[in-house]
Amino acid sequence: MKIVADQYIPGLPAAFADVAELTLLDPAAIDRASLHDADALLVRTVTRVDAALLAGTPVRFVGTATSGCDHVDRDYLDAHDIGFADVAGCNARPVAEYVLSALGVLSEQRGCRLADLSVAIIGCGHVGGQLRAFLQALGVTCLCNDPPLAEQAGTAAGYCDLATALTADVISLHVPLTDEGPHATRHLLTSDRLADLRDGAIVINTARGEVIDERALKAQLHERRLTAAIDVWQNEPAIDIGLAADAAIATPHIAGYSLDAKLRASNHLRQAFAEHFGQAPGAAQPPPPALQTLSLDADDLDELVRLAVLTSYDVRADAVALQRLAAIHGERSAYFAGLRQDYALRREFSSLRLHLRGGARDHAATLRQLGFAVEAN
Ligand SMILES: NC(=O)c1ccc[n+]([C@@H]2O[C@H](COP(=O)([O-])OP(=O)(O)OC[C@H]3O[C@@H](n4cnc5c(N)ncnc54)[C@H](O)[C@@H]3O)[C@@H](O)[C@H]2O)c1
Ligand SMILES: O=C(O)[C@H](O)[C@H](O)COP(=O)(O)O
């Protein structure tokens, strides 16, 4: 079996060594000619998978090491009986951790407690569901909007309509980018909806740039009426640097980039590949070990959470790297792509061991709910 894969998907050689001959390519080199004898193709969001890429090739299986699938023409794959797998869920934790890190930074800047904020979670699948679990553990009021899930679950499930959700202090987007159907999400946050958000509302976008009318958001940020943390952009890698300049936090589409998530994703693709071709499932690569221990003795939950979250992952470090984009003349797209390709994969909360002392021990259960390894003796 021959597989062509994006060379920037970590963990593939170990996951696929026993089942296939793997050709790792720069995504710019993944074209129809490169697939002339490939049985399978493994991609990231930067490779458009459609008839233009696959027609006339022997590819029988496509895996994307991503949750979002808007770069894949699923209708083409179905019509040509080409198997498909995504890795939805594998990177839910790092994205929810990114949002918590952004909330820790922005609430501190405003001098308010996390539990004083209400947060709209738009899309309550893998990422939104993980974020809801984090926020509810911290006593934050969540307004959850997910019409497809609400239709399946019935009104008792606690979802609200979009207009109600958009009254929150924070709007966090976790929907797929879709163009069709009753719940299409392209420009879900229209100019009118953005104008109706409360003054000072915080918009967090880790979904896809096209889910927001970026031009309207840019105007509202420029007037300082809204605040934003933005990880995903229209026209990546050629992003709007004016929008990035006006965002409180702007990062290069790395919310899901933890080492733990990348290895989960490669393991998941390995299992889906084996299932598709009728092979025995492979042994999963073990998760990487814990890295760091942090001793904490603060009594206050907000202070403890900020210390733990920002020690594990401070989103400002990634924002600093993107700020340099404005100073670059020419090659901005290459700089943005490079920040992603060369990203030093971070570790998840679970890799940080918290040693709680004094009053901090009272909050052991809450910190465990955020995923930290906690010792409280
Ligand atoms: N920035 C990153 O690194 C990163 C990482 C992971 C995912 N993502 C993006 O986030 C999206 C969500 O990821 P996920 O793993 O939670 O996907 P998911 O499929 O598990 O969840 C998406 C949820 O959105 C809901 N939904 C669909 N249309 C909606 C609408 N109009 N309004 C409200 N809810 C709607 C669905 O019912 C589903 O529950 C992905 O599609 C991807 O685009 C980005
Ligand atoms: O949809 C996803 O899973 C994320 O957007 C993902 O983290 C994007 O990463 P990429 O495939 O572009 O490296």
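The backbone N, Cα and C atoms fix where each Cβ goes, glycine too.
Taken from TrEMBL, the feature active site covers R208 (among others). Contacts of R208 (active site) defined by a Cβ separation under 8 A and a same-chain sequence distance of 6+ are given as G68, D70, P176, L177, T185, V232, in order along the sequence.
The Cβ of E236 (active site) has 17 other Cβ atoms within 10 Å, all protein chains considered. Per TrEMBL, active site is recorded for E236 (among others).
Sequence-distant neighbours of H253 (active site, proton donor) (same chain, 6+ apart, CB under 8 A from its CB) are T45, D231, V232, W233, E236, R340. Annotation comment: TrEMBL describes H253 as active site, proton donor.
Here TrEMBL flags T45, T66, Y257 as substrate binding site. Neighbour density for Y257 (substrate binding site): within 10 A of its CB lie 22 other CB atoms from the protein chains shown. DSSP assigns Y257 (substrate binding site) to coil in the three-state reduction, outside any helix or strand.
Within the same chain, the residues at least 6 positions away from G256 (NAD(+) binding site) whose Cβ sits under 8 Å from its Cβ are T66, S67, N91, P94, V95, Y98, T206, listed in sequence order. Annotation comment: TrEMBL describes D146, D231, G256 as NAD(+) binding site.
Among the features that TrEMBL reports, domain 'D-isomer specific 2-hydroxyacid dehydrogenase catalytic' is placed at 33-256.
Marked as domain 'D-isomer specific 2-hydroxyacid dehydrogenase NAD-binding' by TrEMBL: 109-255.
Residues annotated as domain 'Erythronate-4-phosphate dehydrogenase dimerisation' in TrEMBL: 287-371. Within the model, the domain 'Erythronate-4-phosphate dehydrogenase dimerisation' (287-371) shows a mean pLDDT value of 93, rounded to a whole number.
Y257 (substrate binding site) sits 25 Å from D146 (NAD(+) binding site), taking the CA atoms of both as reference points.
Note on D231 (NAD(+) binding site): other Cβ atoms within 10 Å of its Cβ, all shown chains, come to 28. The C-beta environment of D146 (NAD(+) binding site), restricted to residues of the same chain at least 6 apart in sequence and closer than 8 Å, consists of I122, G123, C124, G125, G128, Y159. Residues T45, T66, Y257 make up the record's substrate site, and a Cβ search at 8 Å around their centroid adds R44, A65, S67, G68, N91, H253, G256 from the same chain.
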